[in-house]
Amino acid sequence: MRRTFFKAKIHRATVTHADLEYEGSVSIDEDLLEAAGIWEYEAVHVWNITRGTRLQTYAIKGERGSGIICINGAAAHLNRPGDMVILATFAELEEAEARDFKPTVVLVDRQNKIVAKDAVEVPGPARRVTA
């Protein structure tokens with residue numbers, strides 16, 4: 001049986017742009033995409049920590065090293081520059097491959113620069129990233 005598992009996330013990224021006129025998607029700095037193992041055009045959940053909104057779109061490559069997180073199209077109504085978001089992906093896995101699977105967690109600072117990768121998720125305030 002296949003089950004859906006959390007695959008990767010870019011945690012507490014800062015929205016740098018919101019482009020209502022673009023067709024759709026979320027532009028993500030290519031360095032962040034690679035670190036998280038997220039492919040261009042892969043489905044991405046955008047969970048807005050600041051506003052409490054959630055949506056699903058797809059990733060496109062943003063300029064490498066720029067720190068860009070640009071919410072495009074109609075989703076720009078739900079996300080604004082300065083908002084903090086979690087960008088997450090999921091994967092369907094067979095039971096055998098799921099047993100040893102570990103998701104990729106990329107932590108970023110307020111400029112969307114990587115501060116940790118493959119972090120172990122620990123609930124509670126001790127886990128907060130304030131860099």
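One is the number of the first residue shown, and numbering goes on along the chain from there.
Each residue, glycine too, has its Cβ placed from N, Cα and C.
Remember, predicted model here, so these are calculated numbers, not experimental data.
Listed by Swiss-Prot as binding substrate are GLY73, ALA74, ALA75; the candidate from THR57, THR89 that the record includes in that site is THR57. The separation of SER25 (active site, schiff-base intermediate with substrate) from ALA74 (substrate binding site), Cα to Cα, is 9 Å. Of all the binding-site residues listed (ALA74, ALA75), ALA74 has the fewest other CB atoms within 10 A of its CB.
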